[in-house]
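Here is the structure we will look at.
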């Protein structure tokens, strides 16, 4: 790709080194060609590690892989929100794309509510690209990849993975497969809800305070599990100070993988490994220090923009 080999690009990204614009264009194009053949809901076998929001925290993403013994030996599902708020959204997303090309059967990338043109223009990713490249071309290339990301995954036919949650317009996983995903995320409807909805202690569907998606409760989760003959919904989308949170008698779990979110929240992060017997094993990890052993800044001192809600 523009004179750079894939493994060389990976090494550059791990150290947040500059990648030529032409190389990023070719990388994004190759990823689209790969992702277009994937279903809206990707089938994944165990063992697999489920990862929540990353939000541009590159160094913590590298820690995540280290704690999980690396992508060379394991499968991973990332539940979206790769970009915005952190300082290294571009490097984080491109690194995951490189891994997708390098190990296509070992990594599944699901779209989050931040993988849209509208959201990234407001919450950091667009401005980051302008700052690093002086124009919006790289942002546009990445946004085109967003449109090809899957909306969910099914692990061993038993665990449904999604970024946000459920939708009153979708009763079965098969209905999700019929959605036209190759578009900007709509402001309402099933595709929007899957990326924006949240679980809560409510009796029935309620409008979300986020302004998009719905709140759903135990009844909706139990019905979805029963109707689809599955045992668990794994999702991300909400900060959890302890890294993960199980709800509704273990029928739903929120996984959060961005420690010390926005470099100030003080939370730990988690990933969830699902073994062949469908047992759940959580790994908790903390954020990388702000400085290395020599006192050099790893994380810039300027804080990213804080916005609509954590």
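Think of each number as a place in line: the chain as shown, counted from 1.
Glycine is treated like the rest: Cβ placed from N, Cα and C.
Per Swiss-Prot, the Mn(2+) 2 site holds 81, 163, 237; the candidate it also names there, chosen from 40, 113, 281, is 113. Across the structure, residue 81 (Mn(2+) 1 binding site) and residue 113 (Mn(2+) 2 binding site) place their CA atoms 7 angstrom apart. Of all the recorded positions listed here (113, 114, 163, 237), 237 has the Cα closest to the Cα of residue 53 (Mn(2+) 1 binding site). A gap of 10 Å separates the Cα atoms of residue 163 (Mn(2+) 2 binding site) and residue 114 (active site, proton donor).
Excluding the listed site residues 53, 55, 81, the same chain places 52, 54, 56, 80, 82, 83, 84, 85, 112, 114, 236, 257, 258 with Cβ atoms within 8 Å of the centre of the Mn(2+) 1 site Cβ atoms. Under DSSP, residue 237 (Mn(2+) 2 binding site) is assigned to coil, being neither helix nor strand in the three-state scheme.
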